Amino acid sequence: MQLNRKQLKNLHNYKYSAIDNSLLSKYILKPYWWNQLLKVIPMSMAPNLITLIGLGFVVINILTMLVYKYHYEMDAFPSWVYASWAIGLFLYQSFDAIDGSQARRTGTSSPLGQLFDHGVDAINTSFEVLLTIELLQLDMFSSILTQFASLLYFYISTWEEYHTGTLYLSYFSGPVEGIVMVIGLFALTAIKGDSFWLKLHPTPESWGFVRSFLPYYTYGSCLYNFMAFALLLNVLQSLRNALQAVQKNNGSVIKALSGILPYFLQWMAVFSLYAKYPAFFEHHFLTIFCLNAFIFAYSVGVVIVSHITESPFPYWNVLILPFLVDAVDAYTFGVLKNVQTEYFFCYVGICIGVYGNFVAHVIAMITEEYGIKCLTIPSKPESKKN
């Protein structure tokens with residue numbers, strides 16, 4: 001992705017705006033932990049490096065999961081693994097929370113920080129979804145649905161930020177309360193074991209008609225449904241905020257909503273392919289999951305770039321085209337039926353290449369425009385004058 005001169009010039013007009021209504025971060029996390037952690041961070045450490053180190057903790061979590069699941073072929077992991085997941089996610093959230101403060105106190109705030117932060121958050125969202133799926137041992141359909149819903153919330157929030165110009169965090173948001181809940185999920189599993197979430201419990205007789213169609217429940221299903229409900233409320237709030245901003249600026253609501261269409265087109269293809277080739281999804285779930293993760297990360301990145309450069313909204317994502325082609329083929333000619341494995345491995349490779357190229361080019365252009373480094377703070381930073 002190449003940024004033209006006008007887009008680069010518009011970068012200098014960008015001003016970060018956020019509204020955080022989280023009581024947890026305002027009264028507990030920020031004063032008693034995040035502010036204290038910031039004091040021990042060297043002034044020489046670049047904000048983006050802090051963000052990247054935070055992601056590194058989660059990458060370690062992913063590696064432990066992959067080793068135990070695919071090398072040792074275990075579904076239930078040792079307690080220390082779950083404990084390390086909780087610690088890793090807690091550190092990720094902490095580092096992600098202070099990178100902006102580090103940028104302000106070192107005078108290195110720039111649109112690159114916004115792009116870098118959102119890009120890392122997009123990758124982390126997929127990582128945490130994968131860990132949660134493994135912990136709760138969800139079936140294939142529930143696993144796909146969980147990734148769809150979790151990434152939808154993030155995408156809608158990014159779409160909302162584009163139209164409102166403000167990052168809005170509700171009283172119960174994913175980056176704060178949602179992550180804290182997942183940390184608690186990992187920590188409790190380390191103590192109780194994963195069977196704690198999977199054990200069947202009889203529905204109380206006092207629940208009346210609910211007991212007639214739900215005689216048993218699990219703690220895992222209760223947590224899953226609660227988080228789904230909270231996610232739905234946040235999605236609806238983001239839709240409301242964005243559409244109000246569009247109407248206030250005399251924009252087209254239909255045009256604004258069409259910005260969400262590519263996301264739903266992609267996932268319609270995913271679900272239709274799962275219905276057609278369930279065995280393939282069972283054997284290659286990790287491939288499909290990573291594919292969706294990279295497409296999502298690219299989509300979010302392009303939207304953020306459009307936002308900070310005051311560019312038109314990107315209504316189309318070329319990376320979803322192979323998904324659509326495969327879905328149409330599955331229900332018509334069936335040409336790709338016998339080469340699904342090769343097709344998707346090539347597809348993943350293309351997505352990684354496109355996303356990597358996008359990240360490298362955008363970072364290079366923004367750092368050159370501002371005369372800065374991405375992961376270091378120069379001793380004498382120089383700003384390029386227009």
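The backbone N, Cα and C atoms fix where each Cβ goes, and this holds for glycine too.
Some features that Swiss-Prot has for this protein:
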- 48-68: transmembrane segment (TRANSMEM)
- 78-98: transmembrane segment (TRANSMEM)
- 136-156: transmembrane segment (TRANSMEM)
- 171-191: transmembrane segment (TRANSMEM)
- 213-233: transmembrane segment (TRANSMEM)
- 253-273: transmembrane segment (TRANSMEM)
- 285-305: transmembrane segment (TRANSMEM)
- 316-336: transmembrane segment (TRANSMEM)
- 344-364: transmembrane segment (TRANSMEM)
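Here the transmembrane segment (78-98) touches the transmembrane segment (48-68). Their Cβ atoms form 3 or more pairs under 8 Å, with each pair 6 or more residues apart.
Through the fold, the transmembrane segment (253-273) approaches residues 144, 148, 151-152, 155-156, 159, 162-163, 242-243, 246-247, 281, 288, 292, 295, 299, 313-317, 320, 323-324, 326-327, 330-331 of its own chain, all at least 6 residues removed from its boundaries and within a Cβ separation under 8 Å. If you count C-beta pairs under 8 angstroms between the transmembrane segment (344-364) and each of 136-156, 171-191, 213-233, 285-305, the highest count goes to 285-305.
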